[in-house]
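Okay, so here's the structure we're looking at.
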């Protein structure tokens, strides 16, 4: 059986890994809330990533203290709560994965709001049109219906001297696809966090056994 010190080193490495992954999830959720105007569903998705990350950091910090103190009772309690946290995180990540399409659609609603602003303040859509090489909410027709010609940002290389340069792809579809890909990446990161915590639970069980054996030998 591995020594207590070697098991502790492995456990500490997993603590650091889980903490870093959790911080990534918290940062993503915070980025969504701070950078975009989200509706209720979009905000719920962002808070879900933050909650998964915060729960991971709290339980991992507890595990670090338990390993550092080499306290059997504290380690057993940590393992118990770790499994409870893992179950909750599994449910959350599963729902986020299953509802990724709906979440992406709701997060992309900001394009609808921006298009409404564009009709009153020309240039509001330029950020998305330059970013995704798209035009209008659904197509250049959005401008034409409003009695306007599509702006230069709706043309390739901003060259509106040729009609064939007009971009026909709408920005909402592009932005929704952007969110869908982003959510898939962070859902995978969520699964990785859960997997790392499962490995940590096994290592913690091994550490608990090593500590118990050390205590028996010290009293024998």
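Using the three backbone atoms N, Cα and C, a Cβ is placed for every residue, glycine included.
Predicted automatically and left uncurated, TrEMBL annotations should be read as such.
TrEMBL lists 134-171 (among others) with the feature disulfide bond. The 10 Å shell around the Cβ of residue 134 (disulfide bond) contains 25 further Cβ atoms across the protein chains shown.
What TrEMBL records for 135-154 (among others) is disulfide bond.
Feature annotation from TrEMBL assigns transmembrane segment to 12-34 (among others).
The transmembrane segment annotation in TrEMBL covers 46-65 (among others).
The transmembrane segment annotation in TrEMBL covers 72-96 (among others).
TrEMBL lists 188-211 (among others) with the feature transmembrane segment.
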Hey, what's the Cβ neighbour count for residue 135 (disulfide bond) at 10 Å?
26
Whole-number Å value for how far residue 171 (disulfide bond) lies from residue 135 (disulfide bond) (Cα to Cα):
6
Disulfide-bonded residues considered: 154, 171; fewest surrounding Cβ atoms within 10 Å belongs to 154
